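> Here's a structure for you.
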Amino acid sequence: MATGSHTATLLLAVALLGLPWPQEAGAFPAMPLSSLFANAVLRAQHLHQLAADTYKEFERAYIPEGQRYSIQNAQAAFCFSETIPAPTGKDEAQQRSDMELLRFSLLLIQSWLGPVQLLSRVFTNSLVLGTSDRVYEKLKDLEEGIQALMRELEDGSPRVGQILKQTYDKFDTNLRSDDALLKNYGLLSCFKKDLHKAETYLRVMKCRRFVESSCAF
């Protein structure tokens, strides 16, 4: 029974990931708000998992195990996203409005659109390469989904504006340089953290709007 349920959930996820976003508010047939949220959460989860897998593979390939802890501590304040007043976890996110969380999610996603365009060149001969070379398209797709939700929920509240003025550097393809390796390692760490934030915000919004048994996270 559990296997059948898992299979059905997986098939639903695959189906939702293949659905297009409505291009206009008046598009027909209109997608229910619950489906828009479900679609966005699935895409964010997929991207977060991809970012985590990519980070781990890079770490295994290039960062000596004995150096990982000290490097990770040094990277604690590296991410530009730490400079914006976005919630740092689920509890803080629950104190913000849906529109605030959508705007922060959008800022986080947009800050990576430039840097990830070189990501696939960092992972030659990589098991992750088959998906990492499509990260840009996946980010654009999630950006579009968040914008669709914002159109549906537009409430006239003040916009957060261009808070994240500084985007991330691009990934360095010179993997023979120790500095480049450390830079890429730091970027991948931030990429993983930022996508986790975006996923958390979207899940908080979905759960408080549509009470369901899968809200615990």
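For all residues, glycine too, the Cβ spot is worked out from N, Cα and C.
Predicted, not measured: the structure shown is a model, and the values here were computed from it.
What Swiss-Prot records for this protein is below:
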BINDING   HIS46, GLU199  Zn(2+) binding site
DISULFID  CYS79-CYS190  disulfide bond
DISULFID  CYS207-CYS215  disulfide bond
MOD_RES   SER132  phosphoserine
SIGNAL    1-27  signal peptide
> I'd like the number of other C-beta atoms within 10 A of the C-beta of GLU199 (Zn(2+) binding site), please.
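There are 24 of them.
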> How far is it from GLU199 (Zn(2+) binding site) to CYS207 (disulfide bond), counting Cα to Cα, in Å?
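Approximately 12 Å lies between the Cα of GLU199 (Zn(2+) binding site) and that of CYS207 (disulfide bond).
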> Closest of the recorded positions to CYS207 (disulfide bond), Cα to Cα, picking from HIS46, CYS79, CYS190?
HIS46
> At the Cα level, what's the spacing in Å between CYS79 (disulfide bond) and HIS46 (Zn(2+) binding site), rounded?
21
> CYS207 (disulfide bond) has how many other Cβ neighbours within 10 Å of its own Cβ?
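CYS207 (disulfide bond): 18 neighbouring Cβ atoms within 10 Å.
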> Counting across all protein chains shown, how many other Cβ atoms sit within 10 Å of the Cβ of CYS190 (disulfide bond)?
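Excluding its own Cβ, the number within 10 Å is 21.
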> How many Å separate the Cα atoms of CYS190 (disulfide bond) and HIS46 (Zn(2+) binding site)?
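Here the two Cα atoms are 16 Å apart.
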